[in-house]
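Supplied in structure tokens, the structure appears directly below.
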């Protein structure tokens, strides 16, 4: 504790001010009456009203939500399969290529991922829209999921699975009854990560979409290219609010679960 | 049988939607531009049999890559991307290190909260975080109003649409990537080492340089690569915060594809960008490997 000097206190204060002030300012200006975003003309919620009357935004939000739900769910299934293969399958032909294809999308610039998928979709004559964005998002999100899940898979005792098999489980039952409950927190955080990545993606969605489907980031990007807009401030405030509530709730739930687990373990230790 | 199925499904998915698209980019980068749909030749005509395949390969050449070397724009864009990414990485390190250090020295019961405060912005939309700076940096923005109100400047500073705004944007959005690995390295550090150094006559500052910095080296290196690698190919930050003279390769690729509709050149730009990225990626992996071995 003695090393926690005024220097450390200042770094933390300035650091968190830097991280949070821009978003706080954005939130404040979303309640600004004036159309000129930089002149304060009194408190108003009119931009939220405008936002909810703007059909284009509502449509874009709906498209984004659909894409995020489908792509993150498929990505979670595929990513968990891929993680199981990486950690449990041992040697097989083409293993190096497989792990290369899992890790490469993580460092691939988005412009290249987007460009290459678009060229594929055009090459095979697929109509671009929600479906192609889902394919694109699933592909890069499954790699993130598999990294998250495989780190959990490596750290738990494989003997538990073997015991289940010895006791007469089929491999699928062993996975469902033993492995899945243990890795469930990692699978859930993988899904959440995939979901946020999809909600957030501008570049890959811009390349792989067609005229029929505009996602929220595409809409926001084209609106703010020309400058700051109060409607976008209102939309951003809503998104920041949802994320903050979500993250805080998730951390409270996991904290409570950890406390409950510690209590159960203590109780088990006493009875044993 | 089950194992084969388990391997085959994600394997095929990645082959079809990662490897094949990449090979298509490679192929188009070796093709010629054409006024057709799709706007390049040759296209593989399998129905013409062996002859078609031979003609296909005969028509491939490195013309687009030669073109990239002859036009100043491209190599300037590559260099300027590397420079912008490099400078922003160093600034991020200078900003992030003290924060990570202070977090690691905070009381243990505070650390989870501080950690969550660093991670929280990462869950908020990247686009919105970049956008939030537009209202601050523009000529009638919050920062200029504040500075003029304080009487520090008499007319607004032009910050938005310059490279300075791009630096700020990169530092801001990638800061958590720098803080987290450094914090992880510093948190594991045994503080009695510092006391030992001071007992042996080191000043606080030299104990920091001789003990703390070397022990957090793997975190520093990891953080730097986690900022540098994605910053090179960045598109959103230069196009929202940068000006028309901000050259970054991600933006060039985008414009080459969407505005000029020159697919072969856009593909060649992408391939060269990947080749440039291989060096830092390999170095990063080597650092991670070393850190893992040091731990295990």
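Backbone N, Cα and C atoms are what each Cβ position is placed from, and that goes for glycine too.
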When you get a sec, could you say which of B:77-102, B:233-258 is annotated transmembrane segment by TrEMBL?
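Going through B:77-102, B:233-258 one by one, TrEMBL gives transmembrane segment for B:77-102.
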Under 8 Å between C-beta atoms and at least six residues away from its ends: which parts of the chain pack against the transmembrane segment (B:114-134)?
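Cβ under 8 Å, 6 or more out: 99, 103, 106, 141, 160, 165, 168-169, 172-173, 176, 179-180, 183, 236-237, 240-241.
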Determine which residues of the chain contact the transmembrane segment (B:263-284) at the Cβ level, with the cut-off under 8 Å and only residues 6 or more beyond its ends counted.
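Distal contacts: 25-26, 28-33, 38-40, 64-65, 67-68, 74, 78, 82, 221-222, 225-226, 228-229, 232-233, 249, 252-253, 256-257.
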Could you give the residue numbers and ranges of same-chain residues that sit at least 6 residues beyond the transmembrane segment (B:207-232) on either side and whose C-beta is under 8 angstroms from one of its C-beta atoms?
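Same-chain contacts beyond the flanks: 81-82, 84-86, 88-89, 92-93, 96-97, 100-101, 170, 174, 177-186, 189, 193-194, 197-198, 249-250, 273, 276-277, 280-281, 283-284, 287-288, 290-291, 294.
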